[in-house]
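To keep things clear, I will list the structure first and then write my remarks on it.
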Amino acid sequence: MNGEWGTICDDNFGEAEAGVVCGMLGFARNGAIAVMGTYGPGSDSQLIHLDNVHCEGNEDTLLECRHNAIDYTDCNHKEDVGVVSKAATHAVIRLVGPGSTEVQGRVEMSTDHSVTWSTVCSDNFDSPEAKVICRTLGFSTYNVTYWGNAFFGEGQQHTSSKTLNCFGTETSVLNCNMSGSCPHSKDVGVRCMKIDQQVRLVNGSTSYEGRIELSIDNGVTWGTVCDDSFDERDAAVVCNMLGYGRTGATAKSSAFFGAGQSTQSILLSNLACNGHENTISECNSNDLGVHSCRHGKDAGVICIPKM
């Protein structure tokens, strides 16, 4: 409160109240447990900010619940309450606000099956966080753009906000660290890329092997993939895109199936899939067309045909 950290008294504090706290932190509301005296008392210099908190369970913050006046309590720090949260298993992201489209807008997240929503704070928000948001939405992580300062308008006042901290390789925002909050004037927005990505194999002796070529313009032009960091996990995703099995996919490097034409672009480099993605656009990589390769490093694959 007002920049000062304080505690909450355990009077009347139960599962509903614990669920709101866990929701504020980005965890699941269901299964939240209130615990008394487990994590030790607050320091003598700390205030007990809230007492007699009573929530319905669907509030965005504890301040929306009924409670005594701020800092008014008859408790001592031996009654400080704690919670045990469960990791959320489901995340929904939507892009909303003035000027929003399917691929751009203010980022709002829900970890409780769309019951409540929170915005994302622009504090420490950078390319890794933007990429994970686009990946969670099922869009490409190439050339992701992001804005702070409520570029797509501010979230509703009753909506909470969260600060994200991602590495950039996570498959979902659930795997990022969520903490804190900030004013809605700092709500972040993103623009993702929706790529109609096609893949084919060329120069192989069978239909299930060859040099990887990609098209992002409905087959008008085709480019190659650099073999930097290309391994069996990346090969598995390519083979899956082509309708073959992931298991047994073999990565080939150094233009094993011949080099692409000098007029072709090298579209992808430093591909880093975990092997379970549906398309390589869901994998982490350099931005589209950004590389330090030559066609002598074009990647290829050998897939295992389905029986």
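For all residues, glycine too, the Cβ spot is worked out from N, Cα and C.
The average pLDDT for the domain 'SRCR' (1-86) in the predicted structure is 88. Per TrEMBL, domain 'SRCR' is recorded for 1-86 (among others).
According to TrEMBL, the disulfide bond annotation covers Cys55-Cys65 (among others). The 10 Å shell around the Cβ of Cys65 (disulfide bond) contains 17 further Cβ atoms across the protein chains shown.
The domain 'SRCR' annotation in TrEMBL covers 93-193 (among others).
A simple way to gauge crowding: the CB of Cys176 (disulfide bond) has 21 other CB atoms within 10 angstroms, across all the protein chains here. In the three-state DSSP assignment, the secondary structure recorded for Cys176 (disulfide bond) is coil. Taken from TrEMBL, the feature disulfide bond applies to Cys166-Cys176 (among others).
Per TrEMBL, the feature domain 'SRCR' maps to 199-304 (among others).
According to TrEMBL, the feature disulfide bond maps to Cys273-Cys283 (among others). If you take the C-beta of Cys273 (disulfide bond) and look for same-chain residues 6 or more apart in sequence within under 8 angstroms, you find Arg233, Asp234, Ala236, Val237, Ile280, Glu282, Cys283, Asn284.
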Sequence gap of 6 or more, C-beta under 8 Å: which same-chain residues meet both conditions with respect to Cys166 (disulfide bond)?
Pro128, Glu129, Lys131, Val132, Val173, Asn175, Cys176, Asn177
Can you give me the same-chain residues 6 or more apart in sequence from Cys55 (disulfide bond) with a CB-CB distance under 8 Å?
Ala16, Glu17, Gly19, Val20, Leu62, Glu64, Cys65, Arg66
What are the DSSP helix/strand/coil residue counts across the domain 'SRCR' (93-193)?
16 helix, 38 strand, 47 coil
DSSP-derived helix, strand and coil totals, residue by residue, for the domain 'SRCR' (199-304)
16 helix, 34 strand, 56 coil
